[in-house]
Amino acid sequence: MLCLCDANAEERGALPMQAASIAEFSALRPEPAGKAFERMLQEHASTAPKVVKPMTVGERIAAKRRAAAAAEAAAKEKAKAAAEARAAAYAASKAKAAAAAALAAAAAAVSVPAPVAKAKSAAAAEKAARIEAAALLPLKERNHYDVLGLNEEGPDATVDQIRRAYRRLVLKYHPDKRATSGDDDRHTNSVFLAIKKAFEVLGDEHHRREFDSRFDFDDSIPTGKETFDTDEEFFDLYRPVFRRNARFANVTPVPDIGDASTPMEDVEAFYSYWFSFSSWREFNDKDEHDPEMADSRDERRWMQQQNVRVRAKLKAAENDRVQKLVKRANAADPRIRAAKRAEREEKTRAARERIAQREAEKDAAAERKRAAEQAEKDAIEAEKAAAEAAKIRLRDARRALRAICLPLTGSGREIDVEVAGGGTTKATLTGADMRMLAARLDAENLEALVAEANEAMGPMEEGAALDPASDAGAAAMLVMVNRTTLERDLMLEEAAAMEAKLSVAKNKVTGPSWSSEELSALAKAMKRFPGGIKGRWDAISLHINSLGLPYKRSAKDCIGKAEAIRSGAADVPKEKPAPVAAAAAAEADAASGAGDDTPSPAASEKWTKEQQKALEEALRKHPSSKSVPTKERWTAVAALVPGKSMKDCAARYKELRAKLKAKAAAKAAKAAK
C-alpha cells in the first residue's frame, strides 16, 4: 500500500511543473489506489494528442465563408484607408484645379497669357476631378460610365461614344503621356488602369450586359392605385418607367407608349410587345458562392448549381415585376378603357337588338298563331254554317218530298209504272217508300226528284190542292224508289266483290302452286321446327328443298303458305273427279245456283209485270248485307218470285243493273256534251 502511494507520489511529482501551481502541490495528499489510477488515466488522456475529425463539404464551405468574410473585412479596412487617401488626393486635385482656374482668371485680368499646360477651364478641371475620383473607388463600387466621363449618357451610351471617350482619356492619362508632360501625380497609374478596366467591360457586349445588370437600376413600378385627372398624367407616370426597363430588351426597337392620339393598332402592338417582353438582364452579382474557391470538382459543381438556382429565382421575380408593370399600365390606360367602354356599349347595343328581334319574332309568331287560330275558327264557323245550310236545305227538300208524297201515299191506288227491265207493273207508293227516299237521297237528288215529280204532274194554279190520285207524281216517286233500291244493291254487291278480291290478294301465295307432297313436307317441317327456334323458317325451307321436289321454296314462300293455310285460302290441289262424279256435281251446282251464269230456259222468257213487281218487292225485303251470305239471300228472293229460280232472279238483277249503268253512262255523256 505504501509502495503504491509512493508510486502515485512519484507519478504526481513527474507531472509538468507548468501544469500545476505551488498551491496545488501543497494540497496533494495520499489517495486510494483506484482513484489515483483513474486520475492518472484522465490526465494522460488530456495530454495525449487529439484525433482531428475530417470536415464535411458544408463545414469546409462554412469555414471558407468565414475566411472569406475575414479577408473581405480586411480588404474593406484597406479600401477604407485607400479611400481616405483618394479623398485627400481628390481634395488636392480640386484645390489644384481651383488654383489653376484662379491663375487663369488672374492672367486674363492682367492680360498676361497663362502657361499652356495650366490653362484649363473650370468645367474641364471639374470633369477631370470627377473622372479621377470615380477611377479611385473600389472595383465593386466603381461606375465604369463615370470613369469614362459618360455619367450623363450612362447605360444609353453608344459603342462609338464609349470608344471616343476611351481614346480621349488614354491620350491624357497614359503613363507615357504623363511622363512627357512632367506631371508626377502618383495616382496617374491607378486612374489609367481604371480607365482601361472600364473600356474592357463596356467594350465587350457580354461583360457590359453583366455590368448593366448590376448597375444601379430603379426597379420601382407604379402601384396601379393612382388616379389621373387627365390622360397626360398617365403618360407622364408610365412613359419613363417603360423607357427605363426597355434597356434590358432582347428585341429592339422597343415601341413607345405613345399618347392619347395614338391609333388603337399601335396601342395593341405596344402591349402585345410588353406582355411577351424578353429581358437579357443577368444576376451574376447575386451569386452566393465563388466556384473558384472550391477545393474539388464536386464542390465546384454544387456551388454552380446553387448559383443557378439563385439566378433563376431572381429572373422569375424580374419577369413578374415587368408583367405587373404591363398589367397595371394596361388597366389604367385611358385608351384601353375607352376601347373597352366602346366594346361594352356595342355589346349592350347588340344584345338589345337581339332582344328586340326576339321580341319581334315572338310577336310575329303570336300574330301568326292568332291568325291561324282565327282562320281555323272562321273555317269551323264556315263549315258549321255550310253544314247548317245543308241541313236546312235537306230539311226543306224532305218537306217538299213529304208534301208531294203524303197525298199520294194516302190514296192506296195502284199505278202503272215502267220498270227498268222494260214494260209496266202495278205498284203502290207507301210511306216506307217515302221514308226510304228521304233517308237515301241527299238534298240535291231530293230537289231533283221533287222537280221531276212536279214536272210530271204539270203546272198547278196557286192555291189549288194536289190531286191525291195523281198517277204521274206517284209514278215518278216509284221509279225513283226502284232506282234507289237497285243502286243501293249494286253498291253493296260491288263492295262485297271488292272485299273478296282484297281478301284473295292478301292470302295469295307467290310462285307455283304447292303440290300435296310439298304441303306434307311443310307440315312435317313446321312440326319438326316449332316456333321459338332461331332461324326456324330458314330451317324449314332447307328441309323442303332437300327432298328433291320440283320447285325450290324460300323461307318467304314457306311463311306465306303457312299463313294462307291458317286463313283457309290455300290452293290445295284436288284430284280430277270421274265423269260420273263431275256430272253429279254439275247437277248439284245447277240445283244450288253455284254453276255458271247462263240463265235457264225459263230465265230467257219475258218477265211478267207480276214477276217483276215480286222481284222488286223481294229485293227491297232482302237487301244485300255482309251478315247474310249471297246464296242464302238469293234463295230467299227466289222464294218470293213465282215461276222463277234463284239463278233466274240473279240473272234478271244483273240485267237490270247493266241497264242502269248504261243509262247512267248515257246521262253523264249527255251532260258532258
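Cβ coordinates come from backbone N, Cα and C, glycine included.
In TrEMBL, annotation is done automatically, which means it is predicted and not curated.
Since this is a predicted model, take the numbers as computed values, not measurements.
Feature annotations, reproduced from TrEMBL:
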COMPBIAS  578-591  compositional bias 'Low complexity'
COMPBIAS  606-620  compositional bias 'Basic and acidic residues'
DOMAIN    143-215  domain 'J'
DOMAIN    506-558  domain 'Myb-like'
DOMAIN    606-657  domain 'Myb-like'
REGION    334-372  region 'Disordered'
REGION    569-633  region 'Disordered'
Using a Cβ-Cβ cut-off of under 8 Å, list the residues of the same chain that are 6+ residues beyond the ends of the region 'Disordered' (334-372) and lie near it.
228, 231, 234, 260, 262, 264, 267, 271
Quick one: average pLDDT across the domain 'Myb-like' (606-657), no decimals.
83
Counts by DSSP class (helix H/G/I, strand E/B, coil) across the domain 'Myb-like' (606-657):
35 helix, 0 strand, 17 coil
